[in-house]
Structure formats: C-alpha cells, structure tokens
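See structure below.
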Amino acid sequence: MADQFDLECRNVVKTFDDFTAVNDISLAIPKGSFFSILGPSGCGKTTLLRMLAGFQAPTSGDILIKGASVLGVPPNRRPVNMVFQHLALFPMMNVAENVAYGLKRRGVDKATITQKVNETLARVGLPDAGPKQISQLSGGQKQRIAIARCLVLDPAVLLLDEPLGALDLKLREHMKVELKQLQHEIGTTFVYITHDQSEALVMSDQVAVMNAGRFEQVGAPQDLYYNPKTAFVAGFVGESNRWHGTVEGGDDHKIEINLASGGKVIAKRDGQTNLVTGQGVDVFVRPEAIAIDGTEGADNSLSAKVDNVLFNGAASSLQVRELVTGHEMTVALPQTGAFASVKAGDEIRLSWSVEQTRCFASTEGGAGA
Amino acid sequence: MIPSIPQPKFYKGLYSSYIALFFVYLSAPLIVVGVFAFNDSLFPSMPWEGGTLAWFFGNEDPYVGIFNDTKLLESVGVSAFVAFWVTILSVTVGTCNAFLFERSKFPGKNLLYIISLSPLVIPGVILGISILVFSNAIANGIEDSIGWDLEFLRPGLFLVIIGQFAFITTITTLVISARLRKFDVSLEEAALNLGATRRAALWTITIPFLKPALIGAGIVAFLMSFENFNTTLMLVGSDAPLTIAMFDRLKQGSTPVLNALSLLLMVVSGGLALLSVFVQRDTKN
Amino acid sequence: MSKTASITGGSAFRFGLLLLAMPLLLWLFLLVILPHMDLFLVSMRERISYGKYEFSLINYIEFFAEPLYWNTYVRTAVMSIFATILTLVIGFPVSYYIAKVMRGKGKNALFLMCLIPFWVSELVRTFGWMILLRESGVISNFLQWAGIADGPVEMLYNDAAIMVGLVYTSMLFMVVPLVSVLDSLDDSLIEAGYDLGGNAFTVTRDIVIPHAMPGIASGCIVVFMLTLGNYLTPNLLGGKDSLWFTEQIYTQFITRFNWESGSAFGFLLLILSSAIVWIGLKLSKQTLSETVG
C-alpha cells in the first residue's frame, strides 16, 4: 500500500533554536503527480524541501521515499534530485559534463553515459547543446539543462526550488506550460515549491498552501480557489476584497454579517459551526465574483461610485467606494466591451452571490490580498 | 573630471602630460637597467661604449657573462629552491585557511582572522629577527637539554623558507578566500544531490572552481619569495639567495653582469605577471 | 539558513574542524605569536656573562640615552610619513585618471603598465635608480650635455634620492587600492555633483575623496609600513649616512651580535608602526580587517 506514494512525510517537525520552521507536516504524494507547496517567503517551504533532499534532518517525524524511511540517509544516497533555486549548474563544465555528472559519480561506463546524456538532452529539447558552455545558454535553456541533469538519474522524486524565479515574466509564463508538459510526458513525481500562486495553480495536480510552518490546506487548484478552508488561503490564493465584521445571525447555510464600516453582507456557511452571533469575522469576496449592474434580487448588492479605472487588458479592474458607508473595494472589469464607457465618478450597482462570499473567524495578521 | 563633463583643453592637456610624466618615472629605472646590460664597459654607467653581448655570454675575465657566472647562477638556483617550497607551503596552508575562515564557524574566529592579517603590517625585518631569535632559543634549549644540535634551526635556507612563508601565507589566504567567498554553496549541494560524496564534491566542483585563485596565489607567492629581501637578510646563512647575492655585488660595485641578470629577471617575472593576470581574468568568465 | 554545517554530524565535524585549523594554528603560534613574545622577552634582559641573563631595562634605557639611536628612530618615522603622503599625492591623480578618465581597453592597459614594474625585484628597481642618479649616471650626463651643469653631478646618497626610491617602490601599493575604490564610484554621483552646482574642487573634496577613503587608508597603511621597514632603498640610495632604523637593527644583530638591544630596537619599531597605523585608522575611521582584508 505504502508503495503507491512516492513521497511521504509523517508529522515532520524542524526547529532551529527556539524557532519552529516546519511544524507537524504530514503529506503523501501519489506516484506521477505534480505537487506544489505554495507559501510566502519564510513559511518554511525551503526548509521542508531541504529535509526531503537530505540537507537538513527533521527534529522529529519521518520521511519516506517509495515507502522506505530515509532518515539518516545522506543527500548523495537519496533517490531524489533537486533543481536549485539558482539552478547551480557547474560553471566549470560544459552542458554534457553537467548532465553526465551524476552518472559518473555512480560509476556508469562511458558509452552508457554518452548515450543517456544524448537521450536526456533530446528529451528536454536541446539535443545539440552538449558541447556548449553554461554561460552560452539562455535562461530557459539553463532551466532545461538543470532538469535534464536530474532526470538522467531517473529519480523517484524531482524537487524544484522556485526554479522560475530568476526568469523574466514572458519566459516564466512559457516555462510554466513547458514544465507541466514535461512532467506529463515523463511521469516522474514533481515536488515544486513556490511563492507564486499562478505557478502553483497552473502546473499542479495538488497544491499545499503553507504558512508559518504548517499546511493550511491541501487540494486541487480549483478547490483552493473556490473552497478555501482558512482565511489565509482565501487571502493568499487569488485576489480578494477583505472586510472585517461581526456575525449578526443566519442559518445552517448562510451567515449574516454586519461590516465594521457599515452595511451588511451574507456569506456562505461552509460547515463552520463555530461562528456564532457576535463573533468577529473576516469576509472575503473575489473581485471577479462581483457583477457590475447585476440583476436585482442577488444575495448581496450595493451601490458604489467609481474612484479609479485601472486598465490592464484582461486584468482590468475598478476601484470603487460604496455610497452609503464609503468603504473601498476592487471589482474586476471584464473587457467584453459592455463596460467600456465606465469612468471615474460614475455610480454603479454591484452584486454577488452568497456562494462567492466566504467568512472566517478573525485572525490577527494573516495575509490580505 | 570624467569624460561626460567638458573641461578646458588646457587642463586636459596638463593632466595628460602629468600622466605621461608619471609613466616616464615608472619606466626610466627599468629601461636603463635593461639598456646598460648591453654596454661594452666595465661599469653599469655612462658613457655608452658600444653594444656587446659579453655580459650574457662572455667567458673571459673581466667580461664574465651571466651564463658563466657560477656564483650568481648558484644563487638563482637557491632562490628557486626557496621559492618552490614557500609556494607549495603557503598555497596549501592558505587553502586550508580559506576554508576555515569562509566555511566554518567557531569561537574566536574573528580574533584569529585579525592575527593572521598581522604579518602584513609587521615590517619584514622584524618578522625576520623574531623568527631568528625564537628558533635560536629552541635550538639552544634542545642542545642544552638533550644535546642535539639541530642545524636547521640556525640561520640558513630552512629559516629563510619559514620566514618568507610566515608572511606570504597571509597573502595566499587573502587571494584564495576572496575566490572561495564567491563560490555558491548550492553548487556543492547540487553535487551531493546528484550522488557525489563530500570528497568527490570537493574535488570535482570546489577545487576546480578555486583553480584560478590557486594558480594566481602560487605565482604571487613564488615571485614574492624570489624577490624578498628584508626577511631573508636576517635569516640567511651561507647559501645566499639571489637578492642577497646581488645586494653584496652592488655594495662592492659591480660589472654590468648585474644588468644582464636583472634584464632576464624582468623578462621572466614580467611573463609570470602577465600569466597571472591572464589566469585571474579567466576567472571572470 | 544554515548550510554546510548541517550536513556533517557533531564529533566528526569537530575533529575535521580541528584538523583544518591545525596549519593555521601552527603557523600563527610558531611563526608569528611566539617569536614576537620571545623577541619581547629577549629585549627585556641583559647579558651578564656567557649564557647568563638577567631581567633588565638596560636595552631601552640605552636607546633613549644615545641620541644617535632615537634621532634615527624619529627621522625614520618622519621620513616614512612624508614618503607616504608624497606617494598618495603623486598616485591619486594617476589612479583617478585610470579609474575615471580612461575607458575600455586603454584603461586595462594603463593599469597593467602601472603594475608591471613592480613585478620586478625591488633590488633591480633600486639598481636602476643608482644608474640614473650616480655621478657618472644618465641624468648627470644629460644635464652636462644639455649645458645645465658644468661637471658631473652626484645625486645619490642624500635624502632626496632616498625619497625618490621610497616613493617609487611604494607606488603600486597606493595605486592598486585607489584604482579599485575609485572604480566603484558611480559616474552619476560626480555628474550629480556638477548638476547641483559643484565644481572640480568641491566635487573632489565632497564626493570623490570621502568615497575613496577606505582605499586611501589601506594604501597609506601598507605604504607606510613598507617604507618604515625598508632596508634596501635607504641603504643603497642613501649610502653611509642614510640613518634608517632598520639598519640599526641589522647592525645590532648581525655586525655587533648584540641580540638583546637589537630585539629592543625591533620591538620599538614594531610599536612605532602599530601606533601610527592605529592612529591612521582612527583618523580615517577605518578598521584593519576592512582595509587590508
């Protein structure tokens, strides 16, 4: 049974002096999936990855690769390979030597090395790059060589430590798609850590959102987006308007909330029996869930005045201020042409459904969006 | 001030001529040393008596050329011997020091770092006498207590090597540390991750990365040892290294054979210098 | 994140560290710390008879009682400071020219030209100056040929000759740190200085020199130290009357075989050089490991 998971963590804890970097993490990654760990910098995701690679030992808990514990196994004997944040390609070797490095350490014979290196280079789409120096490669090519260098060793799991961070925006968008395709073709399990939600959402089968050393929620990208389980996930994944308020009433499916700035909204009750009347909550509504000039009779609606039109192509939005209470919010502005005439100073009618409104018990701090 | 700020032509001209004058000052002594190597006269001075190669190849007194001057040639050999050992020792110890200072944490590291810089601000003569006094004290102590006369602790080549090593190691440490500081530790981790043992990672990744600095430090160490005078002067025994032998000749007043030797030295060390610049430049790519 | 230390375990790591530190400790203790302590101890004793010594301050008292000694001491210090300042004043415009005025290949070539003379032994360089300056030398002959002088002019064996040689020998150690520190000065700072109404003088005083301070300090320290400890140049260019303190040390040690007073002299020179380096560092608000390291 255990064999169907390529990688498993059981209650892994890592403390540095009195700082807990990783706090009781458990995960099981099925064979052949693309698993991302998404979190802000300093959330402990790099420490977790370094424990998987063997550069750090967990304070407690167990790590299993293909069902066998790797505690105490040094990094060079673990069947996992890693694509480093800055790639860590060896500058004193050419591309072929970089790719051959791991095979040479295993004592593979020369003919096999040459053959495998050529195969792998072809697989990442750079069949002729072998004799090139690392400095002659473009950013995207370096990326592929760093991956090839690991893949040639047939690892059980490929670890990727924010490898797209150094690329410019256009290339990053391109590499996202390419990485996903590559993983799909070769079927190796990928564990990818990033602070960029778009990378995680686009590429992954499963995403774990990590914060302050813990997993807040693990699920498919759609799940995280539509059904966030915590205020942190609601704030960190996707954009959100965030308001503070207190619970006023409601039933098994809805919660009525008085906003601190005045006004009232109705949010979905997602099994949160702990939210009772009088409790402080944070309310999250995505800008793209709000309809402009929406139909009457929606669950939530209000009138607002446009402060600013932020035109940004498909990602355009409006900054608006509610007429009665004066609180600010952001509303997506679909570029279908229907709202092309909206300009600053206009009054508009906004509405959104209860399904799209989430609330969570108030926390201090937490990442807003 | 800088090219983007216009200046009157007069000032520019004045500045350029100052720079030109400076380079005349820099090159004049070296040029005369070289030129007078070919002067057909018994003294390295004016007037010019016509050209000759006797100071290189001459074999009859008083025209004994450098290639037939056994004493000077011997001293070249002595200097090369000393420089060889100083280079090996100081690069080896410098490499250890670089790893110690750049890669490990231990209490008292800062203090040790300051002390290891101190040979740079200790005058060479004092470094020489302190080692002379100390080694002599040890030699006397051993002789008095167990009766062995340890000849190598008396003035001689061993002490010369030790004395030069004492301050040249600071320089090799600085050169190699500077390179090691630029090393990205994740390269070593990547090697481990790809299955290398720690030893293999060190030999296949870290040392090749350090190679330009090791060669550069080696050349610098060799030249500094070869040219050292102050420390050597205090520790030298009967075998005179080149600088000491030349100094004695100079004091006596010598034939242009010294010019010929100097010219050869200039060519060799100039070549080594260019080589080291070349190696260091390779580093940047 | 802690990096390398995490890979290796406890006691094996400690042992490795000790092994790595061994050469350093041997080097520093056997060749630097203990010899200097011993030098100090020897300077504090008096030789009573063969192999018998007593604690005494006689070597230091002798130094202050004999005007020749402390005159030489003070003269060496003053001349060294003067040579350092002269080297700075001559070298700064050159470094600035290389770092800021020159561009591209010419810049590298000029910098290399600055360095190459110094790869040649100090002895050869000094020899060159002897050929230039002596009575039968190149400059003397040139002056006669040009009709400026009537007979041979002896320019060796005086303080000016010593100074010329010392400045020459030290130039490298001033130019290299100055060029590297001036290189790091962003051109736009100078442009901004002009843009805000400065002129060549005020921009140099308010922007260039403060920026170059670490380089100036490191250049001056090394130059001063090398000048103070120099033996060859004063000896060869200054002749018998050069009165350099290192010559006194040499005489005590090698000629008179009076190691006790030689050690005291050595120690006094060490104190002098440390004191002036320390004052220099304080005045320029730099630290040793920053300037040298």
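Placement of Cβ uses the backbone N, Cα and C atoms for every residue, glycine included.
The feature transmembrane segment is assigned by TrEMBL to C:12-34 (among others).
What TrEMBL records for C:73-280 is domain 'ABC transmembrane type-1'.
For C:77-98 (among others), the entry in TrEMBL reads transmembrane segment. Sequence-remote contacts of a segment are chain residues at least 6 beyond its ends whose Cβ falls under 8 Å from one of its Cβ atoms, and for the transmembrane segment (C:77-98) they are 107, 110-111, 114, 159, 162-163, 166-167, 170-171, 174-175, 178-179, 182, 208, 212, 216, 219-220, 223-224, 227-228, 272, 276.
Within the chain, the transmembrane segment (C:110-132) has long-range Cβ neighbours (under 8 A, six or more residues past its boundaries) at 94, 97-98, 102, 138-139, 156, 161, 164-165, 168-169, 171-172, 175-176, 179, 232-233, 236-237. The transmembrane segment annotation in TrEMBL covers C:110-132 (among others).
The transmembrane segment annotation in TrEMBL covers C:160-182 (among others). Panel annotation: around the transmembrane segment (C:160-182), residues 79-80, 82-84, 86-88, 90-92, 94-96, 98-100, 111, 114-115, 117-118, 122, 125-126, 129, 133, 208, 211-212, 214-216, 218-220, 222-223, 226-227, 230, 233-234, 236-238, 242 of the same chain, lying at least six beyond its termini, place a Cβ under 8 Å from a Cβ of the stretch.
Annotation source TrEMBL lists transmembrane segment at C:215-233 (among others). Long-range contacts of the transmembrane segment (C:215-233) within its own chain (CB-CB distance under 8 A, at least 6 residues past either end) are made by residues 76-77, 79-81, 83-84, 87-88, 91-92, 122-123, 126, 162, 165-166, 169-170, 173-178, 180-182, 209, 244-247, 250, 269, 272-273, 276-277, 280-281, 284, 286, 291-292.
Panel annotation: around the transmembrane segment (C:263-281), residues 36, 39-40, 42-44, 59-60, 62-63, 69, 73, 77, 81, 217, 220-221, 224-225, 228-229, 245-246, 248-249, 252, 287-288, 291 of the same chain, lying at least six beyond its termini, place a Cβ under 8 Å from a Cβ of the stretch. Summarising the annotation, TrEMBL assigns transmembrane segment to C:263-281 (among others).
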